[in-house]
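Got a structure here, written out as structure tokens. Questions coming.
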């Protein structure tokens with residue numbers, strides 16, 4: 001198993017017992033624990049009726065899946081060609097581009113006032129579709145770059161575990177909201193505190209585990225690629241959803257889902273498919289990508305919040321006037337904020 005025209009093996013070794021140290025185990029446990037509470041808290045913001053609406057009228061979901069498995073793999077492939085990366089570097093980027101959406105997108109969608117029901121449905125469907133789409137896309141795009149059978153390295157077990165870690169806590173949160181809504185705010189507040197503490201622990205343990213090794217992956221071309229990939233995903237995800245006339249909440253949701261990748265699955269494939277002397281420091285490319293997608297996502301959230309802050313005071317009077325006028329002139333207005341005969345499709349602009 002080797003890439004065509006691959007350069008000489010990297011003079012690189014992973015830290016001793018990498019992936020099997022106590023700190024690695026602690027990091028894995030904390031990540032699962034944190035993900036559970038993230039999904040539980042997000043589940044408390046969802047409703048079965050709205051999830052059903054997205055599934056029965058899957059316009060937003062279909063556009064999101066096209067963006068996820070159309071834009072990101074093609075972006076990774078094109079960036080590899082534009083920057084004339086070595087074949088092994090192009091492969092590492094391609095694996096990241098072919099991965100499904102990550103759970104970070106759900107947090108970003110919440111911060112961007114997106115449609116959380118669509119966000120969770122998208123993450124679930126994207127991960128489920130990865131069972132077939134990842135091997136197909138890796139087979140299509142890796143031809144001519146890699147001699148081995150990369151599609152057989154897809155971590156199906158990891159994909160199923162990702163599905164379970166999304167579906168179970170979200171379902172608990174949804175049931176809690178419908179059956180015991182009085183406890184919902186305590187769960188969300190407690191969850192946020194636990195997530196914050198876990199985030200600090202994850203940051204510290206990641207720094208201990210990786211150390212200076214990630215510096216080997218920080219070449220100018222890889223930095224450029226890992227910074228452009230999430231940005232292009234965020235941008236084109238928004239543009240595509242705007243072209244199909246999704247509303248603002250759904251556009252922001254599709255944008256976040258497209259730009260955020262499941263870097264854990266990407267790391268698993270690189271670890272399984274290539275020995276350290278072949279993949280070298282590129283083993284840490286998914287972590288580099290995660291740093292940039294986190295930074296760019298937070299920047300977009302900050303820009304959105306600033307926009308909301310400056311926009312709201314100016315539009316508030318207009319909104320109040322419009323609401324009052326509507327109630328007076330349209331007797332068919334309903335108490336839930338919709339109107340008789342109005343299209344209630346969750347993503348209609």
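These residue numbers are counts, starting from 1, taken along the chain as shown.
Glycine residues also receive a Cβ, built from the backbone N, Cα and C atoms like all the rest.
The shown structure was predicted, so the numbers you read here are calculated from the model rather than taken from an experiment.
According to Swiss-Prot, the record shows the following:
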type     : residues : note
CARBOHYD : 5        : N-linked glycosylation site
CARBOHYD : 11       : N-linked glycosylation site
TOPO_DOM : 1-22     : topological domain 'Extracellular'
TOPO_DOM : 143-156  : topological domain 'Extracellular'
TOPO_DOM : 180-183  : topological domain 'Cytoplasmic'
TOPO_DOM : 244-247  : topological domain 'Cytoplasmic'
TOPO_DOM : 274-280  : topological domain 'Extracellular'
TOPO_DOM : 312-349  : topological domain 'Cytoplasmic'
TRANSMEM : 23-44    : transmembrane segment
TRANSMEM : 48-83    : transmembrane segment
TRANSMEM : 87-112   : transmembrane segment
TRANSMEM : 116-142  : transmembrane segment
TRANSMEM : 157-179  : transmembrane segment
TRANSMEM : 184-217  : transmembrane segment
TRANSMEM : 220-243  : transmembrane segment
TRANSMEM : 248-273  : transmembrane segment
TRANSMEM : 281-311  : transmembrane segment
Cβ under 8 Å, sequence separation of at least 6 from the ends of the transmembrane segment (220-243): give me the contacting residues as numbers and ranges.
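Contacts with the transmembrane segment (220-243): 60, 63-64, 66-67, 71-72, 75-76, 79-80, 83, 85, 89, 93, 96-97, 250-252, 254-261, 282, 285, 288-289, 291-293, 296-297, 300.
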Do the transmembrane segment (281-311) and the transmembrane segment (23-44) come together with 3 or more C-beta pairs under 8 Å, pairs six or more apart in sequence?
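When sequence-distant Cβ pairs are counted, the transmembrane segment (23-44) does not touch the transmembrane segment (281-311), since fewer than 3 lie under 8 Å.
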Applying the under-8 angstroms CB criterion, which one of 87-112, 116-142, 157-179, 248-273 scores highest with the transmembrane segment (23-44)?
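Selected stretch: 157-179, with the most Cβ pairs under 8 Å.
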Mind checking how the topological domain 'Cytoplasmic' (244-247) divides into helix, strand and coil residues in DSSP?
0 helix, 1 strand, 3 coil
Take the topological domain 'Cytoplasmic' (180-183) and count its residues per DSSP category (helix H/G/I, strand E/B, coil), listing them in that order.
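Computed counts for the topological domain 'Cytoplasmic' (180-183) are 3 helix, 0 strand, 1 coil.
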